[in-house]
Amino acid sequence: MKKHNFSAGPCILPQEVFQEASQAVINFNNTGLSILEISHRSKEFVAVMEDARQLALELLGLEGKGYKALFLQGGASMEFLMVAYNLLEKKAAYLNTGTWSSKAIKEAKLFGEVNVVASSEDKKYNYIPKGYMIPTDVDYFHCTSNNTIFGTQMKVFPTTPKPMVCDMSSDIFSRVLDFSKFDLIYAGAQKNMGPAGTTLVIVKEDLLGKVTRQIPSMLDYKVHIEKDSMFNTPAVYPVYVSYLTLKWLKAQGGIKAIEEKNEKKAALLYSEIDINPCFKGYTATEDRSIMNATFNLTDESLKEDFEAMLKEAGINGLNGHRSVGGYRASMYNALSLESVQVLVDVMSDLERKA
Ligand SMILES: *Cc1c(COP(=O)(O)O)cnc(C)c1O
């Protein structure tokens, strides 16, 4: 039976990518060797790493603009501390829009003063704060573009003369933005780009080398840049699968084309949430994420029926995050409009039955 995978992460990837990636486990590029057993210094893998780094910049429109792309390890969670280690001298400004921002704030506090410019914690992060001021005496401003857990997404970004750092783990490569507004972008691969095990970091080189503290090599962006993202053994297979996904995205027409598809999927689901009396959306309408849609049943007694129907339809991964409950439909790049239609049909069937 066909499965419709709405998992928040690790997430669905294109079927073509699964096919090609599985082939490489047996025989990588006709080398007669598995990608799992070759040296990361082999010319075949060095080419993958270089192409992947280049393709990431190309898709984001950042080629030739002073940026470097790195594939690091430790997840986006490692970037919470690496960002502060490398950039925070005295004070930094953070926008708190949810669990991931809070975790980034917690780590940054170990390195200096943190000014939380605004927070939506008062309403359990169901909206994006607006109209806040970013002080001018900070080293950088940090925000989270998409709230994977609560289902909100920043539609506009503030303007500040200070460096902008953004955790784009769950919406990178999903929509067109002026990425050159950001000085550092990071994203755990497993939300919209690849399997778990690598983190994409895009950093403007002139941002680095300004803090006075000593930075251990593994946590120093400059070291990773100097070593072409191969300071130590990189996550060979996750980088390879991410590379295949980026190639797939380019073949689809890049970010602009995928954004149109993502908007159609989100519009289809949100319109059902809005017209179907069995459901209500969790977030403020204007801040709704096109990647992660969160919603609840209006009548909890329908829970058993609804979940049996989901199972019957082959829908996977719809449970809300354990801290929020309810439902969350993650509609990453590789999810088809047909899968969203299957979910919407189940929702309207429930209304008929209720
Ligand atoms: C999942 C997620 C993280 C944490 O990623 P790990 O790779 O598990 O460390 C951080 N930020 C956002 C926005 C996320 O969605």
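A Cβ is built for glycine as well, from the same backbone N, Cα and C atoms used for every other residue.
Note: TrEMBL annotation is automatic and uncurated.
Fair warning: this is a prediction, and the values are worked out from it, not measured in the lab.
Residues or ranges marked as domain 'Aminotransferase class V' by TrEMBL: 5-343.
If you look up TrEMBL, you'll see Arg41 marked as L-glutamate binding site. The Cβ neighbour count for Arg41 (L-glutamate binding site), using a 10 Å radius and every protein chain shown, is 9. In the three-state DSSP assignment, the secondary structure recorded for Arg41 (L-glutamate binding site) is coil.
Residues or ranges marked as pyridoxal 5'-phosphate binding site in TrEMBL: Ala76, Ser77, Trp100, Thr148, Asp167, Gln190, Asn232, Thr233. Here Gln190 (pyridoxal 5'-phosphate binding site) comes close to Gly9, Pro10, Cys11, Ala196, Gly197: these same-chain residues lie at least six apart in sequence, with C-beta atoms under 8 angstroms from its C-beta. Annotation note: Gln190 (pyridoxal 5'-phosphate binding site) sits in a coil segment as assigned by DSSP.
In the structure as shown, the Cβ atom of Lys191 (N6-(pyridoxal phosphate)lysine) sits within 10 Å of 28 other Cβ atoms. The N6-(pyridoxal phosphate)lysine annotation in TrEMBL covers Lys191.
For Thr233 (pyridoxal 5'-phosphate binding site) paired with Arg41 (L-glutamate binding site), the C-alpha to C-alpha distance reads 9 Å.
A count of other CB atoms within 10 A of each Cβ picks out Ala76 as the most crowded of the binding-site residues Ala76, Asn232.
DSSP classifies Asp167 (pyridoxal 5'-phosphate binding site) as strand under the three-state reduction. With a cut-off of under 6 Å between the Cβ and any atom of ligand 1, the binding-site residues Arg41, Ala76, Thr148 reduce to Ala76, Thr148. Lys191 (N6-(pyridoxal phosphate)lysine) sits 13 Å from Trp100 (pyridoxal 5'-phosphate binding site), counting Cα to Cα. Of all the binding-site residues listed (Ser77, Thr148, Thr233), Thr233 has the fewest other CB atoms within 10 A of its CB. Among Ala76, Ser77, Trp100, Thr148, Asp167, Gln190, Asn232, Thr233, the residues given in the record as binding pyridoxal 5'-phosphate, the maximal Cα to Cα distance rounds to 30 Å.
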